[in-house]
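Novice: If you scroll down you'll find the structure; I have some questions about it.
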Amino acid sequence: MLIDWILKNIMDMDQEDQSGKTQWTKYYLTVYFSGLFNFLMILILSVLFGTLSETFIVYVVLIFLRPVAGGWHAKTKWLCRLESIVIYVAIPFVLKNSSVSLPFIYKILLICLLVVLFYWYAPQGTAIEPVQPSDLNVLKKQSLIRVCLLILCSLFVKEKIASVILYGLVIQGLMILPVTKNLIEGSVFMKFGKKIIKNVIEKRVAKVSDGVGTKPRLNQNSPNIFGQWMGQTEKPKKNIEK
């Protein structure tokens with residue numbers, strides 16, 4: 001692993017050392033390289049899909065707001081990468097190739113809603129990065145100032161760019177809403193994904209066990225979709241009790 005190699009050969013640290021300095025160095029390197037990987041992945045995808053300018057604008061908006069407004073984080077690296085692709089590439093791609101635009105009155109309503117949302121919920125801390133009570137008012141003021149600056153910028157640029165700026169504001173707004181916490185962190189996907197996978201496996205196991213004691217045909221009820229190329233696995237001798 002690259003991080004372990006750096007710790008051993010560059011930082012001259014023992015990987016098994018549990019001291020604070022070693023653990024914090026490892027934590028820093030893990031966060032740094034994870035962020036670098038995500039950045040390069042998004043950069044490559046934005047070039048491939050032709051959304052480099054839109055992706056850059058969204059990235060700047062979130063980098064500008066997130067340090068003061070806070071917000072939820074995905075609980076796993078893979079979910080973080082998936083959400084990053086959707087936020088930085090997929091939706092900007094749709095915005096770029098869409099001819100639909102919000103009427104002026106709806107934009108005004110959206111802007112007012114965003115200001116209220118940031119006033120009410122920013123800054124939003126997490127279990128890992130809680131907001132200190134002494135910093136609450138300062139961060140709230142900074143959040144509102146930065147939101148207003150971005151809104152002001154959106155009034156003096158082209159329609160497409162303004163739409164992307166507002167989109168970035170909406171995304172950051174969703175990241176601080178309490179109702180979106182489970183969605184962004186991935187708890188919703190984990191809950192329903194676990195349930196779906198469990199049901200599928202249970203049905204397959206029940207189907208396989210029903211054929212025990214009979215002469216099976218080639219790959220009949222095989223749990224392995226690649227069974228005819230990868231060989232067969234011996235089935236249990238007893239049926240599962242119903």
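Including glycine, each Cβ sits where the backbone N, Cα and C put it.
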Novice: What range among 52-72, 136-156 does Swiss-Prot describe as transmembrane segment?
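Specialist: In Swiss-Prot, residues 52-72 carry the label transmembrane segment.
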Novice: Out of 78-95, 100-120, 160-180, which stretch has the largest tally of CB pairs under 8 angstroms to the transmembrane segment (29-49)?
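Specialist: It is 78-95, which has the most Cβ pairs under 8 Å.
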Novice: Between the stretches 52-72, 78-95, 100-120, which wins on the count of C-beta pairs under 8 angstroms to the transmembrane segment (160-180)?
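Specialist: Of the candidates 52-72, 78-95, 100-120, 52-72 scores highest.
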